[in-house]
């Protein structure tokens, strides 16, 4: 075996432990679901109620850091010596497609119902103030604030990979300027990487858990095929197969094509909902919600409700911030990989403006449509959820539109492709992170990429078959706590190294390889 091939091989200490840990967690969870639910819910309650303030301050501080990057002395620094690998349009499309999935369509269609039925700030459910703040909170949770945290970390990873010419692309390797090479190559670095990989694998399982029943309900609506475990397994297997085909063509071809198709189809479906779902109301509702967001944003940023104890910030804001934290490193590594040649300012502005526009578009159109269906008594969403579950309620919000069969076909295809692009990005990053070394411009071995997608698919099928996905989904949020600290360390390491290297290229001018 050649030296290069050997360097591209699997790193056992970060490849096998996550698989073993995930297997043990699955076994412990499904061994006694009732007991597991009690333990996991208790942990979730403890994290969100006792440490919720930490997630809120994290988001605020990272948002301030984004302004520092955009307007500071590093704004014009280029992340790599070559021209951008992708056109600006394809670059934004790839970011949008890889950072969203059927989970976005899931929450975009139903989230507003939860906000208006159990609103924050002591408001009465289904009241006018509750409906006014409903979309505003969605714009808050899926707006500039979280995307800014991703752009900061993306700059950090792009800096270490393309400017500092690092051969390893996983979280621990970026911490050399902060903790030293000895600790990075020792137990500390191994623990950091394994925390990251375990959280990523479980997060992908959660995404499959949201997407699979949504697609299954589409199939039941279109073909009358009942929801079974066999159908779940077939759907996940198809996703894994399509992902294997995509990665076989490499990052440039496979991901770009899937991302472009997903993005164009998203705009097509959203345009249809916008036109037939009441364009005038949706635009007016969005405009009013932006004003509501600006009015309430200071309180939203720091809302923990310790006096009223209504539970809204714990159930939603802290939950979403923890969700963003879990995906931050994984997505930032991928976003850094496709942002080679961009300036710091270009990456920060491109991510926040482009991705915020995309998520705001989705939540405004889908949320506005759902609100109208509730107001006009076309759908009884609480009854649908009680009798059939949340996925059926979401399907009915789409089926209520004109040309329901054609609409459902479009929604089915969109959910399917959206999840393929997410799995594609995740499996690619998993492969990069579990190889011994990655040189600039190189891609992880094909078999490793396909192998990760297959293994994650198997985990998803097992979780669905055993019925243990729901407690695992809750455990992911609590499990995001270690990544909270890892994200902070990566950020501090970047700031420390850039302060020296981008000033006079000394003393860290030597190539950092681990």
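First residue shown is number 1, and so on along the chain.
Cβ atoms are placed via backbone N, Cα and C, with glycine included.
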Residue 128 vs residue 345, membrane side identical per Swiss-Prot: no
Range annotated as transmembrane segment - as stated in Swiss-Prot, picked from 92-112, 155-175: 92-112
Closest-packing stretch to the transmembrane segment (348-369), where packing means Cβ pairs under 8 Å, from 12-30, 43-68, 92-112, 231-249: 92-112
For the topological domain 'Cytoplasmic' (336-347), sequence-distant contacts whose Cβ falls under 8 Å of one of its Cβ atoms, 6 or more beyond its ends: 69-70, 74-86, 91, 94-95, 151, 154-158, 161-162, 169, 251, 432
Recorded stretches the transmembrane segment (92-112) and the transmembrane segment (43-68) touching, at least 3 CB pairs under 8 Å: no
Feature contact check the transmembrane segment (132-154) with the transmembrane segment (405-434), CB under 8 Å, 3 or more pairs: no
All-chain count of other Cβ atoms within 10 Å of residue 262 (site 'Important for substrate binding and transport mechanism'): 25
